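**Q** Copying in the features that TrEMBL gives for the protein in this structure:
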DOMAIN    56-524  domain 'Glycoside hydrolase family 9'
ACT_SITE  His452  active site
ACT_SITE  Asp504  active site
ACT_SITE  Glu513  active site
Amino acid sequence: MAINTKQNIAFGVIFANNMACGNVWGLLVLGSIWAFPSARAVNCDGIDSAAANYDYKDAFSKAILFFEGQRSGKLPASQRVKWRGDSALSDGKPDNVNLVGGYYDAGDNVKFGWPMAFSVSLLSWAAVEYQKEISAINQLAYLQLAIRWGTNFILKAHTSSTTLYTQVGDGNRDHQCWERPEDMDTPRTLYKITSGSPGSEVAADSAAALAAASIVFKSVDSNYSARLLSHSKSFADKYRGSYKDSCPFYCSYSGYQDELLWAAAWLYKASEEATYLNYVASKEGWSQTVSEFSWDNKFAGAQTLLAKVANYNENYVKIFQISHRRNNKGIRGEFFGGKTNLRRFKSDADSFVCALMPRSSSVQIKTTRGGLLFTRDSSNLQYATSASMVLLVYSKILNAAHTGGVQCGSVTFAASQIKAFAKSQVDYILGNNPMQMSYMVGYGSKYPTQLHHRGASIPSIHVHPAKVGCNDGYSTWYSSSKPNPNTHVGAIVGGPNSNDQFNDARSDYSHLEPTTYMNAAFLGSVAALLGGSNAECFIEQMHINRTSAGDDY
């Protein structure tokens, strides 16, 4: 099943639209108490030197490997997850289009375009933010392959300027069967958005994914990068409408304004065209204070990206002064001097931090007694991982901007403290928790063995070539009390309950099912812990020593 806190999804088509500021987009179909480390105990990663550290390199490499186990289509000779085989080789055939490839979103055999696009965006964000660190552990090429496997599918799905295929497979029929993707015989029903049946959420997320990925490939495959950016620009804000085709599995609760801002922010970052910055500035009223970042709610991600823009230095001011000489209606250079609507995004990004940090006067998301952020019981680790990823990126932005941190009522949280708290979430997942187990399959000595995943729970087609039918899968393998025959290395499960307890039972999909976006967010979080900047550390320590020496948060 596609596990999603709220169990849902969204869609809208948007066409190339000429505006005064330029050609705007195209088809946008579009309780424990947390004890923070003393300032004097901070090391050059901005982390308490006495805090437990895990093998983040191993965790990162396994998080990437997970995506190979989620692949749909014809597998390459370089495939490392050997228990998988080719699957869904006729996807798209009913409409005479090629929709082979992409990822199964979770433990089922459906390809949902919306969460796939979000997953690709997160993978690309990690590659952009932590390229040097990832390259240093020889994992950048694997990450680029994982991204390309997703973007190739999105490109295929974008069959015309007004058409984007958004789902392959009937979710309800698929969930009635328990069979390997290699044996799959459930309907491969096609769903799409068009100008007449829009879905802004999935269209905007697809635009964001392609734009973000275009940055990743710009220096290694310029032609592919240009193709990604070109397709991304063809999604635009003209035909608005909420996406409903993937309900009840992925339904939109937050609306599509967050996705439009998310897409515009990535398009600006990828193209450096003022059109997109003008767009978000004119829509700053859309921004909301939120306490989660998820496949359904992108506000915190967009706010974090735009907060970075708001903190750009004088060199960027000069660039924008030049670029706007011909357009006095655009954003002026002084925008970055504190007279800009982007300040709303920065303020809302701060509010996101305050909503999560223990001891904040405006905290909204509590932690379990073991220290885990707990948003909802269904697949809670998707929220903990995505929150951690944003917090870690934001702490990096705060360091680069040489700010004093984030003020939450009477408490100021330095960048190092925000990073330390986010690190605690990663460490909890890797084993620093009351159950003393890893919530990543294949990591450590104790981890979940009954992953709620069809392919992993049935013997590999290479070992058991006879077909395993729909009902046979349920009676023989789903109901088995034994560990899965295939270890889906790197899979992050839904996680423990609010009491830090976890029951390793395959039937408990809310706590045992993995998802691509959960793994992508975890990957983006652990990437931030692979290495640190000495210069960054020096600046941060100077600030802490000057402003909060002797304080113990």
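Just so you know, glycine gets a Cβ as well, placed from its N, Cα and C.
Automatic prediction, not curation, is the source of TrEMBL annotations.
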**Q** Give the mean pLDDT for the domain 'Glycoside hydrolase family 9' (56-524) on the 0 to 100 scale.
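**A** The predicted confidence over the domain 'Glycoside hydrolase family 9' (56-524), as a mean pLDDT, is 93.
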**Q** State the count of C-beta atoms found within 10 angstroms of the C-beta of His452 (active site), not counting that atom itself.
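**A** Result for His452 (active site): 27 neighbouring Cβ atoms inside 10 Å.
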**Q** How big is the Cα-to-Cα gap, in Å, between His452 (active site) and Glu513 (active site)?
**A** 5
**Q** Counting other CB atoms within 10 A of each CB, which of the active-site residues Asp504, Glu513 comes out lowest?
**A** Asp504
**Q** Roughly how many Å lie between the Cα atoms of Asp504 (active site) and Glu513 (active site), rounded to a whole value?
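**A** Given the Cα positions, Asp504 (active site) is 11 Å from Glu513 (active site).
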